[in-house]
Amino acid sequence: ALTELRCQCLQTVQGIHLKNIQNLKVLSPGPHCAQTEVIATLKSGQEACRNPAAPMVKKFLQKRLSNGNSS
């Protein structure tokens, strides 16, 4: 399968509660996309793009980094 070189997050979703998020995946800027992308995997299995500058996203990432759980 051919993957397109473009941003995965065309729009971001607001108002997802932390308790509904199973995991956050952070994609750094690169040739495929000029911006940092944050993709939340919800407990329902859905994926939703979040704004990397959103306070909740920053808090979640800081908590994860301080736990020493890097992935």
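Any Cβ shown, glycine's included, is placed from N, Cα and C.
A quick note: this is a predicted structure, and the numbers were derived from the prediction, not measured.
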Partner cysteine of Cys33 (disulphide bond, per Swiss-Prot) from Cys7, Cys9: Cys7
Residues that sit under 8 angstroms from Cys7 (disulfide bond) by C-beta distance, when 6+ apart in the chain: His32, Cys33, Ala34, Gln35, Glu37
